[in-house]
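Each remark here refers to the structure printed beneath this line.
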Amino acid sequence: MNAALWGELWIVLGLVGPLSAGLISVIGQSATRALLRAEVLLASLGLVVMGWMISQNALIPGIASLPTPFPPLHFAPLPMADLWSILSGVLLGATWLLIRKTLTETRILWALVPMASSMGFFLLAGGGLSLLLGLEAISLSSYLGLVTTRRSRKLWNAGWVLLILSEMGGLLLLFAMGLIMVHHGAALSFVADNFRVLAHEASHMPSAVKLVIMVLVLLAFGVKAGLFPVMIWMPLAEPEAPGPVAGLFSGVFTALAVLGILAVENVVHPGIGWGIILLILGTTGAFVAALYSIVSRHVKQILAYSTLEILGLVFSALGIWNIAQAANPQSLVSTLAWDAAMILLIMHAGAKFVLFSITEETEPIAHTIDGLGGIAHDRPKLSLAAAVAVGTLAAVPPLGGFVGEWLLLESILKPLGTTLALRNIHLLFLLAGIFLALASAVGVGTYIRWFGFVFLGPKRRAPRLVERPAQKLRPTQVVGYVIALLPVLIAGPGVPWLIPWLNLQGSQIFGNNGQSVIAPLLIDPKAVPLLVHIGGDLVKAPGAPGTIFFPQGFSVGDPYVLLLMGIVLAGIVALIRHFMRKGKAVRLVEPWTGGAQDYNAQKSFTAEGFVHPLRLAFQGFFGLKRQRYDKGGVRFYRHTIIYRLEEQGYLPLLKLVRYIAGQVRKTQSGSTPAYLSWLVYGAIVAVLLALWHPVP
């Protein structure tokens, strides 16, 4: 089947879908809702079917002709499009189930139609123009998905930030693609040629130009991919968007942006310098985001910053992958890093979608974690879904977060080679590993804090809200959460089947060395020293080449064995407690109240106190300030921190833009001083240029 047909269908859905729903709205809201439901469900099934066809090599590249003078559109699957088409369809279907019969269903359905259309179109971008239009479609649908679902000043401000950064990203991508055309004459056009032609021409370009192109592409897609330092819209926008929509932003659109970077990288092949840039930005982003996530109070903002932390780990893994591929293509390090990046993306898509969707249930109670608590008792099924998602992000074995971070640490610790240059590169990996390990540890604290203060402990909210009866999950919502957790299981217990497929894809698309990071248990059990020494064996995975990670980086054994050991130790502790207590209930004591007589849940241990030692440890980074005040006979301390990137990076830039805009406005209004100022500035610039480049 021709990929151009699928591309045209996604264009038709994005244009005709909302238009037809608008026309049918004259009949009534019920008819509009029914049509939008059908369109979103059809889009979800279409993404799954398209992904399956790509995996079977049933989609051939095609060209869609446009009316003169517009150039044609090239359609071909992006790298890893089969996997992400299926996952996008699954999460879109989960959204369809979760929002059914809710008060905001119709508004969210209006946003989902263009979002689904942009997903499908982007995954089939086979040329420069298609990729540019796909990025613009994702940007526009993200903006519409944000501003059309709710109404608030914060939401509109976040929408403007998102739109401005997205359009700047599109402009940078246009420049990047144009650089290829500039270096090879008018015979080559990034809007009329596909990636294969562009790759042939880019192979003759200087390394410095390739690096410049990739930096522009990185900034262009980095806005959507949560890359430091162009990711500031996420902590602003995602807390204001409805839960499932924010989950799609965080889980799907970020992954699609990473695919866009990989697509252009596969065209340009920029070299080792590109990998170093990815490693530095990824490590910085993960560390900074982890620190801000653990001190945030807003339920959704914590998740937004944790998204940036996970994506920082992903970019760091991709940086290690690029460096290892360039420095020593035969090393296992590149395979480990590649698998780590992909598994982190997959598990994050499902886990973060579930957590953002759950916030839709907690928002009517409170927006901050200090105002929640006790939900696990009232909503056990919801708490179970949250526990699985949090456990995944907190790297609890054998879920996907543990697998991804395990492989990332192995890629850092395993030496690249014995030469001096390779040892120096390994030292760079180890230095980055220190900050990545610290970011991961802080991230675990973030997820424990989030789950503990949202679901566990006493109910820290007003009595009128405590008395409200808890609503049970509808069957459609239960099915939606189960479906959304599938990527978590695929990236965790499913790795014996997933990793060989990832290695095959990396070898076929990017030329990876194809080495397996799974020991061939079914073929040679002696390849697993730990199991040989203890005389143990695992349940063999049918259809998979093995079930044991290949721990060449350091001698630690198998994660499943560690999980088994943890279960055994937990059982021993439970037995000891059972026999020591002899059936007696746990002794309850009055909590320490700090001298306050009228103790209540609001005066108990708070989320602020949980992270205060960390704030003190990094007070130089946070710019910590403390204000003391008394309320109701109790002494409180209010701590404020500085968001340095926004306040010290973007605010001065915004002031400069406003100043320039003001000067241009004065000039356009006919201001004589403004004209004279521009003449003086122009004369100074002309003199400087003449001195720098004297006329012969």
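Each Cβ is built from the backbone N, Cα and C atoms, and glycine gets one as well.
TrEMBL annotations: computationally assigned, not manually curated.
Feature annotations, courtesy of TrEMBL:
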type	residues	note
DOMAIN	129-414	domain 'NADH:quinone oxidoreductase/Mrp antiporter transmembrane'
TRANSMEM	6-28	transmembrane segment
TRANSMEM	40-63	transmembrane segment
TRANSMEM	83-99	transmembrane segment
TRANSMEM	108-125	transmembrane segment
TRANSMEM	131-148	transmembrane segment
TRANSMEM	160-191	transmembrane segment
TRANSMEM	211-233	transmembrane segment
TRANSMEM	336-355	transmembrane segment
TRANSMEM	428-457	transmembrane segment
TRANSMEM	478-499	transmembrane segment
TRANSMEM	560-580	transmembrane segment
TRANSMEM	675-695	transmembrane segment
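Take the transmembrane segment (131-148) and the stretches 83-99, 211-233, 428-457, 478-499, 675-695: counting Cβ pairs under 8 Å, 211-233 has the most.
Only pairs six or more apart in sequence are counted, and the transmembrane segment (83-99) with the transmembrane segment (478-499) gives three or more Cβ pairs under 8 Å, enough to call it a contact. Listed by sequence, the residues of this chain that lie at least six past the ends of the transmembrane segment (336-355) yet keep a Cβ under 8 A from its Cβ atoms are 80, 83, 87, 91, 94, 244, 247-248, 250-252, 255, 258, 303, 306-307, 310-311, 313-314, 317-318, 320-321, 324, 385-386, 388-390, 392-393, 399-401, 403-408, 410-411, 414, 481, 484-488, 490-492, 495, 498-499, 502-503, 506, 510, 512, 517, 553.
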